[in-house]
Amino acid sequence: MKQYIKLIKKIIRVGNQKKDRTGTGTLSIFGYNMKFDLKKGFPLLTTKKCHIASIIYELLWFLKGDTNIAYLNENKISIWNNWANESGDVGPIYGKQWRNWSTPEGHEIDQIKNVLIQLKKNPDSRRMLVSSWNVGDIDKMRLPPCHVLFQFYVFNNTLSCQLYQRSCDVFLGLPFNIASYSILIHMIAQQCDLKVGDFLWTGGDVHLYNNHIELAKKQILRIPRTLPKLTILKKPQSLFQYCFEDFKIIGYHPYPAIKGEISI
């Protein structure tokens, strides 16, 4: 994950000191791109240990179309607790928009299913996109989507995906985002009998929170290790039938975790 270390170094070197919604303050740059060849390994950060269970369960939660943290909490995942209301709901965020996008006419659109149909019937389509940024629902969301739009591309029977992320917490959030979408590419490739290609990541406001800067400086002193491999142990009948036990990470030997405070 040399790309990630390079990004941190750039933010520290040329970032702009900005105020932010949480009051913490950030060191920020605008516009950044990274590319990960999934054939060369699973891009799970090695310069600090990542909690892979949180990454997988969150992705499965999104794919269920769920917006209540009960499923996450049942599986001992607490990453969304700070944004849930008393009933455990976080509003119409990722899962709702991916699986049940509401139209002005009162219809619901399953964007993920539509992409799967296109990948199988018309893989050269330029319309294989999923958006989480439903303007009419933003005010109902406890936390508006940070990773807002992703698009699929097929060539030579190989599946690639590009993500646009409007706001990126580089120290805490970005390692999760990279791993999560890489897993999703593996899952969809398996379902559509495709090979995995590239994951391309584009960030808008890409930042280190001020209380993470010293932690990030510690992290960039660590030399990235060999990437692990992701194996999916079985092929369910549909994309929506995977469970946590279907995924195996092989050869993950990270440095110890570096804990940072979440800005809410």
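These residue numbers are counts, starting from 1, taken along the chain as shown.
Cβ atoms here come from the backbone N, Cα and C positions, even for glycine.
Quick caveat, the model's predicted, so the values are computed rather than measured.
As written in Swiss-Prot, here are the features:
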ACT_SITE  Cys146  active site, nucleophile
BINDING   Arg21, Arg126, Arg127, Arg166, Ser167, Cys168, Asp169, Asn177, His207, Leu208, Tyr209  dUMP binding site
BINDING   His51, Asp169, Ser263  (6R)-5,10-methylene-5,6,7,8-tetrahydrofolate binding site
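If you take the Cα of Arg127 (dUMP binding site) and the Cα of Cys146 (active site, nucleophile), they are about 21 angstrom apart, rounded to a whole number. Reduced to three states, the DSSP call for His51 ((6R)-5,10-methylene-5,6,7,8-tetrahydrofolate binding site) is coil. Distance noted between the C-alpha atoms of Asp169 (dUMP binding site) and Cys146 (active site, nucleophile) is 9 Å. Taking His51, Cys146, Ser263 as the recorded positions under consideration, the smallest Cα distance to Tyr209 (dUMP binding site) is found for Ser263.
Only Ser263, of the recorded positions His51, Cys146, Ser263, have a C-alpha within 10 angstroms of the C-alpha of Arg21 (dUMP binding site). Secondary structure at Ser263 ((6R)-5,10-methylene-5,6,7,8-tetrahydrofolate binding site), taken from DSSP and collapsed to helix, strand or coil, is coil.
Separating the Cα atoms of His51 ((6R)-5,10-methylene-5,6,7,8-tetrahydrofolate binding site) and Cys146 (active site, nucleophile) is a whole-number distance of 20 Å. The two recorded residues, Ser167 (dUMP binding site) and Cys146 (active site, nucleophile), show a Cα separation of 5 Å.
A distance of 14 Å separates the Cα atom of Cys146 (active site, nucleophile) from that of Ser263 ((6R)-5,10-methylene-5,6,7,8-tetrahydrofolate binding site). In the shown protein chains, 18 other C-beta atoms lie within 10 A of the C-beta of Ser263 ((6R)-5,10-methylene-5,6,7,8-tetrahydrofolate binding site).
Cys146 (active site, nucleophile): 18 other CB atoms within 10 A of its CB, across all protein chains. Listed binding-site residues: Arg21, His51, Arg127, His207; maximum Cβ neighbour count within 10 Å falls on His207. Other Cβ atoms within 10 Å of the Cβ of Tyr209 (dUMP binding site) number 23 in total over all chains.
Residues His51, Asp169, Ser263 are recorded as binding (6R)-5,10-methylene-5,6,7,8-tetrahydrofolate; their most distant pair of Cα atoms lies 19 Å apart.
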